[in-house]
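Trainee: Annotations for this protein, taken from TrEMBL, read as follows:
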type: TRANSMEM; residues: B:15-35; note: transmembrane segment
type: TRANSMEM; residues: B:47-67; note: transmembrane segment
type: TRANSMEM; residues: B:87-107; note: transmembrane segment
type: TRANSMEM; residues: B:114-140; note: transmembrane segment
type: TRANSMEM; residues: B:146-167; note: transmembrane segment
type: TRANSMEM; residues: B:188-209; note: transmembrane segment
type: TRANSMEM; residues: B:221-245; note: transmembrane segment
type: TRANSMEM; residues: B:274-298; note: transmembrane segment
type: TRANSMEM; residues: B:310-328; note: transmembrane segment
type: TRANSMEM; residues: B:340-358; note: transmembrane segment
Amino acid sequence: MKRKSTKKKQQSLFPSSLEVVEEDLNEKALNSSPDFTMKIIETESGQRIGFYFLYSIIKPQVLYEQIISPVQKAKKTLDIQSIDNMIALPNSKEENKLDEIGKKLLQGAVCIYIENDQTCLMHSAPLQEHRSIDRAETESLIFGPQMAFTGSIETNLNMVRNMIDTPQLKIERFILGNKIPNEIQMMYMDDIANEENINELRNRLTSLQSEDIMNASVLSQKIEDNPYSFFPQYIVTELPDRFTYSIKEGKIGILVDNSSAGIIAPITFSSFFESTDDIYGRWIIGSFTRLMRMFAMILSITLTPLYVAALTFHYEVIPEALLLSLGESRNRVPFPPLMETIILETMMEFIREAGARLPTKVGQTMGIVGGIVIGQAVVQAGFTSNILIILVALSALASFTTPDYVMGTSLRILRFPIILLAGTFGFVGIFFTVAFIIIHLLRLRSLHRPYTAPIYPFRFFDFDQSQVRVPFVLNKRRAASHLPKKTKRKKKTYGHSLFKTKGKDIDE
Amino acid sequence: MKNPVNIPTHLKFRASYLFFIIFNILIGVGIVAYPSRVFQYAKQDSWLVLILVAIIVHLILAIIIFILRTYQDTDLYGILQETFGNWFAKLICYLFIIYFFTVYLSALAKYTEFIVVFIFPQLSKFIIGFFITILIAYSIYGGIRVIVGVSFIFFFLTFFVFALLVVPASMIDINNYFPLFEVSRKEVFEGMLLSTYSFIGIEVLWYLYPYIRNKEKTMLYSQLGLFAATILLLINVIISIGFFAPKQLESLIWPVLGMYKIISFSIFERLDIFAVSYWIFIILPNLILYAWLITRSLKRIHQIKQKHSIWAIIILSAIGLYFIQSSIKLEALLDVADISSIFFVFLFPILLFPFAIIKRIRGTKK
Amino acid sequence: MKMKIKKFFLILSIVVLLTGCAEERVLEDLGIITTAGFDKGEDGPEVFGTFITYKFSQQLSNVNSPIHSSGRTAQDAFHLAFAKTAKKLVTGQLRAVVYGPDLAKEGIWPHLDTLQRNQFVSDLVYITVSEMPSREVLNAQVFEEAPNVGIYIYRLLDQVIGKEEIVDSSLHEFIKNYLKVGVDPITPVLSIEEDRVIVTGLGLFQDDRFIDTIDLHEAFYVRLILDEFKAGELQIELPTENYRQFMEDFEPSPEEETFEITMQQIKSASQISPKDSGKYHFSIKIRFEGDIRELTKELDLESKEVIHMLEKDMAKKIEENISKLLEKTQELNVDSLGFGTFWNAKFKGDKKLTEEEWRKEYPNFQFDIDVTTEILRNGITQ
């Protein structure tokens, strides 16, 4: 009902005088914005032309040089069409509806109106302040291109386009958010990505009922399969090279405006332990680091629980060589091992969180104070045993090897329930939780695709790109876990005869 | 066909996973006690008994698959309905459910017994059992995909526990195996009867068959799974015979866990404690599959949602565990499972076999 | 679905909180026994126990203060010790058990059985016998860098067994040999010398009764027959007479009738095969090879003749020593080498030895010993 009444009013907007238009726009469409401005120009032929805009989101240079000055210089009588021809900017549109004009103005458009005309002309000259292309802050690389996505979707798309410059890169555009709309772009390789995945993701995006989309991380959590899970089900990355690599492998990427990260879907558990560095480096380094990260992950969630379980229940398993030093350092500690470990692990989390929240320079001091001073004092005061300090530090270190920060944090927090169960049921508790985690991982899906692939469902030929990395010569197929349309890569041709590595025999 | 089972394609799995399912359901708690149980009858020729039983089980497995193939795309309930009618099919399936539950409960009770004996003598079995049932319910909620996944992943996790038996294997006494073929036929037969309990599990196919995507490979992979389980049992039996003195082996209740007692590494001693806790990975797929069988057959007979019947299993197993706290009652339960398994696993397929043959003959005549 | 997961976590946490936890055995609250010694008590059936525990304090770690207690059985003695220490005594880290000679001569099975039944005791515990009462052995004040004398004994036995000087004598081995028909257990014998614990030889058992000791020289031959050597060492006396012509100093002092030869890096393999010829007959074949490490007389080792003679003479000497050892065991009627099991593994039915027959017949067993030796290298000097 309300809408109808505003529509009636709209029709009475034009034709009218410039001042009336100004008042109507500001009161009804823009909710009295202080930065709403009107600029009136009188041409030689006596026409009064009004320019309406919000000066905070308009590029002044464009406004004056491209829009106002051509109109000012005009000699003959003008109409909407001739003004449009004068202005050399793309994306012009004629509008006569009040709320449409208001919406455009808020996106950085200029409204040009000739007094007493039937419609007005909209030209956009938006000013978007973004940080320039910068180094990635949360994911850092050794070999890769040292740049990260910025807040502007145009710049991000520009980067992606430059990296994948084929027409096969298909981009679909959505405007999401009922209250505050935001632009979202879904992109994939038309000839590789799986149709079902694309449809599924498109459905999820279009059926998403949300007031607003803050950024990529928020969006990724809103379209997850299991929102209650400990584990992230999409990778949110700020590295354009990782983003484009995944797209090239047949996955789907999502860019969100005003967000300096892209979403990759669908993914598997093991892809959280992969970094593009593994691809840039030699295959043996890549394979080694990937296996090492997996090992570090297992270590980081089981090391301190094993300590708690062994010291609380299973003194039998402690080797003779370790028993005395463990006993001696434990002898001064007043708490049971469970308490001791939880205190120290919490302390470790304090240091990490404080380091993350403080400015960089202070953060470094934080590490020194936390790590060295407190660590030293804690042992000397008989608060914890020094072996536990080593174990906690080691498992914290191991958890930081996970390239994905969100996954790393999830795993670190996962340690607490395991410690708790280790402190109540010993090894039985640890293995119970590990079994629970495995079952949970098996249940998880990313875009309806199994999370634990390629281990289960087992695909032997996918291991060359997930758990290890084989030399490119051997890597002839795309990972089949997400059912890409084409699995075979293009056959490699070796141009010059010198590059022929294999003959019938040596030196032939 | 009277009652075909239509399983949506995305729920079907490749036949190769049957290898892991069959292997896991055969290797459970039974393997821990098996070497000493069979040794009481067959002495150093236990391995021979095992091989003889394995051959019979291979045949029975072939019969089961033959029957399932004859009736196509249906499970035990559908087959019985077609051959004997509604009423009788329900009766047999109920008996099967009771049997499944007995096996399930005895396995659960036995694992809790391990923990109580080896690690926490004062802990109530009830709590451990409760924890395990939570895991079972959680994986059954994930559906067949998760159940197969658990079997698959836990297979690899359990592999290295058995690999640790290399240490006791290096300490065996060759003299213990000789002289060969000393036992009498009667003892061999008694040993074979006793070995049946180690081979229960192949009946999982009765309900799993409709879920297989490429059914023509069923025979290959399930036989391979059975073969792998037999090899593992055989290895355990052989190492146990060589490792223990004959009298010692007879007196031990769980010789396989006993062998872990002598494994010790420089950073981790007393692997028996580790092994007992780790056995959860061996026992879980087993229990999950049996619990799934119960819920699945209930669903087939009465359309009871699996979501609901799993809670019934949890409550019933809690009550069951409460009543079998002592090991004497547990032994009684195991005996029931033993005796009933001879009927349900071994005799039942043979009884059904003629009907399948008749159906085949009729089918070809048409 | 969502509610179910919540419910699940709720139930889980409630269970954990309500049940509390399993019984705790926190490391520093435990009196962890490393070695236990058992002796015959003063009056009647009493068992006198000595227990060595860990002390988790650097100031106290060099003082040896065993806990003593007595009871009707070994388990009883252990149980009654709870009132003599502020810590909870546990046996999960037990490394060695020492039985005093009085107790061992009466039979140690009743005391071993409790160890076997206790699931917390490792099967790798060393079973040993002492020459003097075990409380004296465990009272030794010198134990090098080890935290206590119990660990010292454990490391000592580990080292000696690792060097292939004596056979393994874990709880598992002892029980296995005790329960098997046709073999008797062997254990190391401990003694005390200048306030430190030493290994003096091997104790021969008849069933579970300690009978006699053989010294470390003889112990070598026990290993030679039972096990393979991978890197052993042996010293043998040979008569000087035969080698006079090869000796480089032509005027040997006449009083030295023999000289010593030491072999090292010995590799050996043995084969025992019973033969049925109306009697209990065994052939023992031993292959033996190693390097010469030491000769007390200079010999011309470059000549093949000398090497051949040495090989032959050594073989003869080893055969002699083995038959001496076997005669000794036959006199004592202890089949420590397990010839009975070899017999029983070959023959079935009536020919099989029962326990009584084996005990009765063992002194009449006949052995053919055949040793072949080979000298691989002469060491690094000519």
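Each residue, glycine too, has its Cβ placed from N, Cα and C.
Help me understand the surroundings of these features in the structure.
Mentor: Remote same-chain partners of the transmembrane segment (B:15-35), defined as residues 6 or more beyond its termini with a Cβ less than 8 Å from a stretch Cβ, comprise 46, 107, 110-111, 114, 148, 151-152, 154-155, 158, 195, 197-202, 204-205, 208, 212-218, 220-222, 224-226, 228-229, 232-233, 236-237, 240-241, 249, 253-257, 279, 282-283, 285-287, 289-290.
Taking Cβ pairs closer than 8 Å, the transmembrane segment (B:47-67) reaches residues 38, 41, 79, 181, 188, 191-192, 195-196, 199, 202-203, 205-206, 209, 218-219, 222-223, 226-227, 230, 233-234, 237-238, 241, 345-346, 349-350, 352-353, 355-356 in its own chain, all 6 or more past its ends.
Tertiary proximity for the transmembrane segment (B:114-140) is limited to same-chain residues at least six positions away from its ends with a CB under 8 Å from its CB atoms, namely 29, 32, 108, 146-147, 150, 254, 257, 272-273, 276-277, 279-280, 283-284, 287-288, 291-292, 295, 306, 310-311, 313-314, 317-318, 321-322, 325.
Outside the transmembrane segment (B:310-328) by six or more residues, the chain places 101, 104-105, 108-109, 112-113, 125-126, 129-130, 133, 136-137, 140-141, 291, 294-295 with a CB less than 8 A from a CB of the stretch.
Long-range contacts of the transmembrane segment (B:340-358) within its own chain (CB-CB distance under 8 A, at least 6 residues past either end) are made by residues 56-57, 60, 63-64, 66-67, 70-71, 79, 83, 95-96, 99, 102-103, 193, 196-197, 199-203.
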Trainee: Using a Cβ distance cut-off of under 8 Å, indicate which of B:87-107, B:146-167, B:188-209, B:221-245 has the most pairs with the transmembrane segment (B:274-298).
Mentor: B:146-167
Trainee: Based on Cβ pairs under 8 Å, which of the stretches B:87-107, B:188-209, B:221-245 lies most in contact with the transmembrane segment (B:146-167)?
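Mentor: Looking only at B:87-107, B:188-209, B:221-245, the most contacts with the transmembrane segment (B:146-167) come from B:221-245.
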Trainee: In the same chain, who gets a Cβ under 8 Å from the transmembrane segment (B:221-245) while lying at least 6 residues past its ends?
Mentor: 15-23, 26-27, 31, 34-36, 38-39, 44, 46-47, 50-51, 54, 57-58, 61-62, 65, 162, 165, 168-169, 171-174, 176-177, 198, 202, 205, 252, 255-256, 258-259
